[in-house]
Amino acid sequence: MHMDYHSPYFFGYLLGLIHLLGIVAALHALFTVRTAQGAIAWAMPLLFIPYLTLIPYLIFGARSFYAYIKARRQANQEMHVAMANLNWRPWVEEALTARESESYTALRAMPKLGRMPCLANNQVKLLINGKATFDAIFAAIEKARDVVLVQFFIIHDDTLGKALQQLLLRKAAEGVQVFVLYDRVGSHALPSSYSQVLRDGGVQIHAFATRRGWFNRFQVNFRNHRKIVVVDGLLGFIGGHNVGDEYLGEHPQLSPWRDTHVQISGPVLACLQESFAEDWYWATRQLPPLILPDTYPDNGVLCQALASGPADPQETCSLFFLEAIHSATRRVWITSPYFIPDEAVFAALRLAVLRGVDVRVLIPSRPDHRIVYAASSLFAFEAVRAGVRMFRYQPGFLHQKVVLVDDDVSAIGSANLDNRSFRLNFEITLLTVDRGFADQVEHMLQEDFEQAREITAEDTQDTHRLQQLGMRIARLISPIL
């Protein structure tokens, strides 16, 4: 039978088929997307304009992506079975010491959110902005003797990226085992030659991808946003920086770049290594070498590495923000480059204001993603009307992800206050319970607030109607950004 592609019936059948596929996809979204906002944000366009939304849904949708989540959980189980013979997690004493500490109660439910326990006797150091961060990371790698683990969302083949590449090549030539993991989507601009040079020099480097095989190119929504460096099991780093010149303030439109990292030593480094091992095992089906020191210090601060991701049994990242806000009795200060809270987190912020808590959120004054910036602006205006003090950082782009609760609890890591970090990305955050370290974080944030402009009720009223329309459209699609 010959199909006449110029027949009006052909186009009628084609449109009917597209609308039928749109209905099927909308039903799939309703059954698989975890949140009502996200389900509606997908289902309505799929029903009414499927010819514009079917392909984006194939690429960005299918939130629960059950096949992937099942495979990821299975890989994690296999990895932990493989680790069983390593006498890993020998932190019983540090975990018991943490639980017996008076500071432990300040975390409330937070220690139960993650797979890894809160541990005592750690040392932490605040690293403010790119120079301090990469000076410390490079100095630590320079002294490496056994194993270096490096994981970033973005690696650029620029001045900083090349400096890291040369340093890792030099250490590999000295006999150090070097492992590098980067996200395939975040590092999409990284040329294959960058990785090949490292491989030729003895460095093991792999891209983190959601799935193996050709279909992976159509599934870009799950991204590994973690930033982890561990050297010899003795010194580690996590925070907001990626590897690129812009993180040193070399991007004219976004400079100076404001970001925060933290340097860590102590038993919690075992947790950072375990998080890296899970991602490395998923990418390679092999375990990297994991190192434990012979002894730990007898004193230090309470820390917990909170790793989160779409394969978790619960929405770990959003629950962390909820519990951090709910637990605040005096203040909760949050800095994030994106401010797209879901209904629960927004309600928690509103309730904290009603309890008399000093609630402040610091966001950028310059956009790096215009749609996300527009959505963030509308949420910021609504937060101001709810009594939250919202600030825009003025000197340059703000990329740090920091939470300060009352006088003891701080969190520094890779997680943003948005739907992507809540439900789509793999993230890692370091929770620290220590008044001295919290004082340092407070001083750092106080300086940031002094360089910020507070958003006022007048700002919300002076916005042009076209801008308001754009913000509302951006907010409508924010659950799928």
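Glycine is treated like the rest: Cβ placed from N, Cα and C.
Not measured: the values here are computed from a predicted model.
Marked as active site by Swiss-Prot on the basis of sequence analysis: HIS225 (among others). HIS225 (active site) carries neither a helix nor a strand DSSP state and counts as coil.
Around LYS227 (active site), the same-chain residues at least 6 positions away in sequence with a Cβ under 8 Å from its Cβ are GLN151, PHE152, PHE153, PHE237, ILE238, GLY239, GLY240, HIS241, ASN242, HIS261, SER414, ILE428. What Swiss-Prot records for LYS227 (among others) is active site, and it gives sequence analysis as the kind of evidence.
Feature annotation from Swiss-Prot assigns active site to ASP232 (among others); the stated evidence is sequence analysis. Secondary structure at ASP232 (active site), as computed by DSSP, is coil. Under 8 Å, Cβ to Cβ, and six or more positions away along its own chain, ASP232 (active site) finds ALA144, ARG145, ASP146, VAL147, VAL148, ILE291.
Annotated active site per Swiss-Prot: HIS399 (among others), in sequence order, evidence recorded as sequence analysis. Every protein chain considered, the tally of other Cβ atoms within 10 Å of the Cβ of HIS399 (active site) stands at 25. Secondary structure at HIS399 (active site), taken from DSSP and collapsed to helix, strand or coil, is coil.
What Swiss-Prot lists as active site is LYS401 (among others). Residues within less than 8 Å, Cβ to Cβ, of LYS401 (active site) and separated from it by at least 6 positions along the same chain comprise GLY239, GLY240, THR260, THR335, SER336, PRO337, ILE412, GLY413, SER414, ALA415, ASN416, LEU417, THR429.
For ASP406 (active site), the same-chain residues 6+ apart in sequence whose C-beta sits under 8 angstroms from its C-beta are ALA106, SER327, ALA328, THR329, ARG330, ARG331, VAL332, ALA438. Residues or ranges marked as active site in Swiss-Prot (evidence: sequence analysis): ASP406 (among others).
The domain 'PLD phosphodiesterase 1' feature in Swiss-Prot is assigned to 220-247; the stated evidence is sequence analysis. Same-chain residues lying 6 or more positions outside the domain 'PLD phosphodiesterase 1' (220-247) and placing a CB less than 8 Å from one of its CB atoms are 59-61, 63, 65, 68, 127, 130, 133-134, 136-137, 140-141, 143-156, 158-161, 164, 181, 183, 185-186, 208, 210, 254-255, 257, 259-265, 268-270, 272-273, 275-276, 279, 290-293, 305, 307, 310, 399-401, 412-415, 420-421, 424-430.
Note on the domain 'PLD phosphodiesterase 2' (394-421): DSSP counts are 3 helix, 11 strand, 14 coil. Residues or ranges marked as domain 'PLD phosphodiesterase 2' by Swiss-Prot on the basis of sequence analysis: 394-421.
Summarising the annotation, Swiss-Prot assigns transmembrane segment to 10-30 (among others) and lists sequence analysis as the type of evidence.
Residues or ranges marked as transmembrane segment by Swiss-Prot on the basis of sequence analysis: 40-60 (among others).
In sequence order, PHE153, ASP183, GLY186, SER414, ALA415, SER421, ASN425, PHE426, GLU427 make up the list of same-chain residues 6 or more apart from HIS225 (active site) whose Cβ falls under 8 Å from its Cβ. Regional average pLDDT for the domain 'PLD phosphodiesterase 1' (220-247) in the model is 94.
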